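Per TrEMBL, the features are as follows:
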| type | residues | note |
| --- | --- | --- |
| DOMAIN | A:5-115 | domain 'CMP/dCMP-type deaminase' |
| BINDING | A:HIS56, A:CYS86, A:CYS89 | Zn(2+) binding site |
| ACT_SITE | A:GLU58 | active site, proton donor |
Number of protein chains: 2
Amino acid sequence: MENPFTHEYFMKKALQEAEVAFEQGEIPVGAIIVVENRVIARTHNLTELLNDVTAHAEMQAITSAANFIGGKYLKGCTLYVTLEPCQMCAGALYWSQISKIVFGARDDQRGFMSMGTKLHPKTEVVSGVLAQEAADLMLRFFASKRK
Amino acid sequence: MENPFTHEYFMKKALQEAEVAFEQGEIPVGAIIVVENRVIARTHNLTELLNDVTAHAEMQAITSAANFIGGKYLKGCTLYVTLEPCQMCAGALYWSQISKIVFGARDDQRGFMSMGTKLHPKTEVVSGVLAQEAADLMLRFFASKRK
């Protein structure tokens, strides 16, 4: 039997969160955190609602997962996020020592890769999972804002 | 009459917050945010209490100040923080577009300067204000932990 728990499987859940953000007028980024194929955090960007630049999907996912685990380190966890994390979120992920980061679309302007933010040496990165879907959602969002 | 509202005046308040963190077993970092000589946020590191790597003093100061202002951008605001901000906090400060960052002690290992994190182009940085006091507090904390 094929393993149903693929990166695409979990990224679809992150995309569902991004859709919720979109509907609420937030820049549509969604994130989930998974440990042993179990989703322990499910969040989306809330910067507009909370009037808070720190309320990115990833930040809330880290806080939520740590709360679930009862400890602040996310070893053994995988973050799925629809957009490449920014400096702030990558910096938070550095502190969390998370095992894996899987992201969808690249963010060449503000993403941690072009900005040069350092992750924890033990953190593995996978990029480009359902990237087109995530990028399309962002484009659709900004197009709707320009109307 | 001399202006009483010097960088040292406000950094002393941030150091008081760091002392509170110390007493609570937190890595002793304190922060305040000031607008027109008025303190609008006063926070300290809470990563142990909250079991959350994102609970640095600066992150909470940003959230708290935005809440006070009722908007997410901190233009016209100055952050005073006892230790050089890390990548995460510098990344959050980038998004906040804060006008000025005044910090005490350098953090050559994990500070944003050596890590290469980018601030908003309009953000001014002042370093070394009561640096010795902030560094002494950190040294005293880690010495007490080794006992």
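Note that the numbers count up from 1, one per residue, in the order the chain is shown.
Cβ coordinates are placed from backbone N, Cα and C, and glycine is handled just like the others.
Any TrEMBL annotation is an automated prediction that lacks curation.
The 10 Å shell around the Cβ of A:CYS86 (Zn(2+) binding site) contains 24 further Cβ atoms across the protein chains shown. A:CYS86 (Zn(2+) binding site) carries a strand DSSP state (E or B).
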